[in-house]
Each structure stands twice: as structure tokens, then as C-alpha cells.
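Novice: My questions will all concern the structure given below.
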Amino acid sequence: MTKTVYIKTVGCQMNVLDSEMVVADLKRHGYRVVDTPAEAELLLYNTCSIREQAEEKTYSALGKLRDTKARHPDKKIGVLGCMAQKDQEVIFRRAPFVDMVVGPGQLHSLPQLITNIDSGEGRQMAVSLARTDGKQATVARSHETFDPLRDPSMRPTPFQAYLRIQIGCDKFCTYCVVPNTRGPEQGRSPSEILSEARTLAEQGCREIVLLGQTVNSYRHRSEAGDTDLAGLLEQLHEIEGIDRLKFVTNYPKDMTERLLVTVRDLPKCSPYLHVPAQSGSDAVLKRMKRGYTVGDYMEMFERIERILPNAAVSSDFIVGFCGETDEDFQKSVQLIERCRFKNSFIFQYSVRGGTKAAERLEDDVPREVKAARNHELLEVQNRVAREDNEKLVGETVEVLVEGPSKKGEKSEPEAAAVQMTGRTHCDRIVVFDGNRRQAGQMLEVHVDDASSHTLIGRVRTVELVSIGIEANG
Ligand code: SAH
Ligand code: SF4
Ligand code: F3S
């Protein structure tokens, strides 16, 4: 008999990928995915700890399950992901009706934990070792993932997939929980990565996004020799069926000449680089322990401009970090104006337990000031993005079509024209009127209009068809 599972995923691309694997694994164990908690026997929450707000949302969603569990004690509730690793027993205390707490490095054990509960062993917890719990290698092993299980039906589109090349992070930026929740940095072996990429290509995937917290720091050492990201891209580039390769997130210090030249010379590599700056002030960067100055960032940025003049660069910023003055903040504004990022994700600093900033620095920027800086920085970012997108009006861009846009999804299933969405090689979002069959195709789209986040266009081949009809008529 098939069993039912509901899974809710929040957080970054790593979590989206983890949920895909969890579902693939559970399907092998006879489960079917359902869309609502009400229909499900197994309810899973794949969680994020990056900011307090993300955690509080999850705790409030869990709180709503108290009655559900009281009415249906047979339903099993599992908390997975970074919050499971960070909060561990705290989750059972705050939500005593939860049955399982499973860290991101232990997701492969989920079917066994379910069996344990079914055989009456009570609630289960599987988490990885903390940094101080053992030798580096032992801790690293406890954070391994089970990537080869792929399930195209769990992806937003079967034509695009994430592929993890790196686990964990060793940078220890003072504000960040990730080195604790995801453990030591480890590069997966090139042979595993290549075989997974071939599986994805066989499943019809055309675009692969390589994932790592500092993806361009990727390194794998073996007797056969060292592999870096550039070397890996060269090998992945050979795979037939894969048309686009992207990689996120980059660490500014590791954006080497060699990597940029590789991206330039391999046509499948997207000229799109997400390289978070976090702040435009040296004093703030130092307190964040980011390991570079604004001067270093600019040097890297100019290297990108020289080698890949048409690349789109995007960033992340934290506003209101400990000790950030108005003057510091204005330097972030200036950095956006100078670099003209394609987009920036802007976050208000949130104190995270277990980090150096929480221990040693004072969270002294008032909430209202954080909110005002967030708003101001976003306005500057939106303005430069809109201006740069407007320059593309009148041009033709190549779009990998993902599927109906949010507006298109609301159209009747039989509607002749549906608004579709896709992305350019540079990762710009494009919407156009088309039809559902175009999903997965690479189309030439003429840009008619632009906003800060979207290009609006029409498919060029439609014009060719109408010319063809005219000629025949
Ligand atoms: N590994 C990536 C990003 C990981 S987290 C990198 O280093 O770029 C994604 C983003 O969340 C970060 O870039 C940062 O801007 C933001 N972030 C991380 N910790 C935060 C915190 N404590 N408060 C607010 N934003 C945070
Ligand atoms: Fe967090 Fe810094 Fe690592 Fe990114 S590089 S995951 S911000 S510690
Ligand atoms: Fe969140 Fe963990 Fe990703 S804390 S951002 S889900 S690595």
C-alpha cells in the first residue's frame, strides 16, 4: 500500500536539493507525495536557520500541528535540515509532538528512523557531530550527503537541476550559522559529480546549477591529482544534452583569473556570477571576518569586467550589522552604484546563537534603522537593475523556457496563449506569451519592455512562422 508524505521546504537551494533527494528516497520506500498536510501520514519540514525570522516561521507552522497530532496520533512529524542540526532537543521541547529531528547530514537515515518509530522505539533524533565533537575527518564524515538519488518530478522544472559539488563551509563569517549546521567544507569527488550530471542529462535536464556555499573554493584532492572548479567545468562541459552550466555561491577571494577564463572559453558556462559583497565598508567587512577589503572586492570585480565584459554579477548585502554607522551604510550604497549588480539579496542582520558575532559583538543597530537601510539599499539596487534591463529593450535574448509564469499558471489548461517564463544565459528572468509545450525549449525572444526584475518579450520564431504562412499563401 502506498503511504503519503507532505514536505514543506524553506531556505536555500541546498534545502531544495535535499528535499528532492528525501522524496526520491521515500518513493523507493513506497511513498507518494501529497500537496497538503491534511492528506499526509508523514509530514516533513525541511528548515533553515539563517535568520531568526526563518526559524520562527517554522516554529509557528509546527505549533499549528499540535491539534492535528492530538486528533491523528498516527501521523508522523519530522523536522529536517539546518534548524534540526542547530536546535536538536530544543525542537522536542518547543514542539513535543514532533517525532523526528534530522540534520542535513543525516537525511539518508530517514527511512530507518521511520521504521524505528513504527516498531515502538519512540521519537528519533539523527544529527551530525559538532565541530568540537571529534577529529576533523570524523566530524566531516558525519555530514555526508546522499546526492545520487535524483527525482525529476520533485524539481520545479525537469529541465533544470541543482547538483551539489561541495558540502559545508569553513569560512566562519562571524554572523553565520552555516559552518555549524552544514559542517566542514568538503569537495565531492569529480567522478561522483560527473556520473550524477550524466544521470541528470539522461533525465532530460538541460541546465545544471552547481551548488556550494563557496562554490569557487571547490577543491578535490586525490592520487590522480587536484581538481578545482575550472577543471570540473571543463569535464562537465563534455556531457551531451547539457546546454548550460551555472554555479553558486561564489566567494570573492577565490574568483581566480583561471576560473573566469574558463567561463569565457566554454560556451555552455553562463556569464552569470553571484558573488556576495555583504558590505561596502572595510570596518564592517573586518567585523564580519569576510577576509577581504572593498579594494580586494573591486579588484576582483574589475577582473570580471576585463575577462567577461558582458557578465551579469549579483550580490548579497547584510544591513545593520553590529557597529554599522550611517557612513558605513552609505559605502554599501556606493558599492551597488559602482558595480551595478544584476540583483542583490538584502538582509537585515539577525543575531544567531553559536556564532562569533553573537558571542562578541553587540547587535546595536535599532530595528527601525535596519528596516530603513534595507529599504534604501533595495531602492538603489532596483534602480540600477531597471536602468540596465532597459538597455536590453530592442535586443534578442536566448531563453531556456521553464514553464508558465505565475500569471500563466492561472490560465485555463486549454488556453491558446499562456504567459511563459524562462531565463537568459545571464540569469535574467524573461516572460512572454507562448504555450505550455515550449517548456524546456531554448527560444530566441525579442525584448519589448523591462522592469528591475523582469524582461518582457515575444518569441522571434512566431514571426518566422507567420512569414512562412504568407509566403505559402
Ligand atoms: N555561502 C553564501 C551565502 C550563505 S547564506 C555566501 O557566503 O555568500 C545567504 C545569505 O544570507 C548571506 O550571503 C548573507 O547575506 C545572509 N546572512 C547570513 N547570515 C545572516 C544573518 N545572521 N543575518 C542576516 N543575514 C544573514
Ligand atoms: Fe556563511 Fe560565510 Fe560560509 Fe557563506 S562563506 S556560508 S556567509 S560562513
Ligand atoms: Fe538556511 Fe541552511 Fe541554507 S541555514 S540558507 S538552509 S544552508
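Cβ coordinates come from backbone N, Cα and C, glycine included.
Note: TrEMBL annotation is automatic and uncurated.
Positions annotated as [4Fe-4S] cluster 1 binding site by TrEMBL: CYS12, CYS48, CYS82. Residues annotated as [4Fe-4S] cluster 2 binding site in TrEMBL: CYS169, CYS173, CYS176. As annotated by TrEMBL, domain 'MTTase N-terminal' applies to 3-119. The domain 'Radical SAM core' annotation in TrEMBL covers 155-387. Here TrEMBL flags 390-461 as domain 'TRAM'.
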Novice: Filtering CYS12, CYS48, CYS82 (binding-site residues) by proximity to ligand 2: which pass a Cβ cutoff of under 6 Å to any of its atoms?
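Specialist: Correct list: empty, so none.
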Novice: Measuring Cα to Cα, how many Å separate CYS169 ([4Fe-4S] cluster 2 binding site) from CYS82 ([4Fe-4S] cluster 1 binding site)?
Specialist: 13
Novice: Reduced to three states, what secondary structure does DSSP give CYS48 ([4Fe-4S] cluster 1 binding site)?
Specialist: coil
Novice: What's the CA-CA gap between CYS173 ([4Fe-4S] cluster 2 binding site) and CYS82 ([4Fe-4S] cluster 1 binding site) in angstrom, rounded?
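Specialist: That comes out at 17 Å between the alpha carbons.
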Novice: Which binding-site residues from the set CYS48, CYS82, CYS176 have a C-beta atom lying less than 6 Å away from ligand 1?
Specialist: CYS176
Novice: When the number of other CB atoms within 10 A of each residue's CB is tallied over all shown chains, which of the binding-site residues CYS12, CYS48 has the maximum?
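Specialist: Max Cβ neighbours within 10 Å, all protein chains included: CYS48.
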Novice: Go through the binding-site residues CYS12, CYS48, CYS82, CYS173 and pull out the ones with a Cβ less than 6 angstroms from some atom of ligand 3.
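Specialist: Only CYS12, CYS48, CYS82 qualify.
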Novice: Pull the DSSP breakdown for the domain 'MTTase N-terminal' (3-119) and write it out as helix, strand, coil residue counts.
Specialist: 65 helix, 25 strand, 27 coil
Novice: For [4Fe-4S] cluster 1, what surrounds CYS12, CYS48, CYS82 with a Cβ no more than 8 Å from their Cβ centroid?
Specialist: VAL10, GLY11, MET14, ASN15, THR47, SER49, ILE50, ALA54, GLY81, MET83, VAL178, THR181
Novice: Near CYS176 ([4Fe-4S] cluster 2 binding site), which residues of its own chain have a C-beta under 8 A away, given they sit six or more steps off in sequence?
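Specialist: The answer is ILE50, CYS169, ARG352, THR355.
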Novice: In this structure, which of the binding-site residues CYS82, CYS169, CYS173 has the fewest other Cβ atoms within 10 Å of its Cβ?
Specialist: CYS173
Novice: Where DSSP helix means H, G or I and strand means E or B, what are the helix, strand and coil counts for the domain 'TRAM' (390-461)?
Specialist: 10 helix, 37 strand, 25 coil
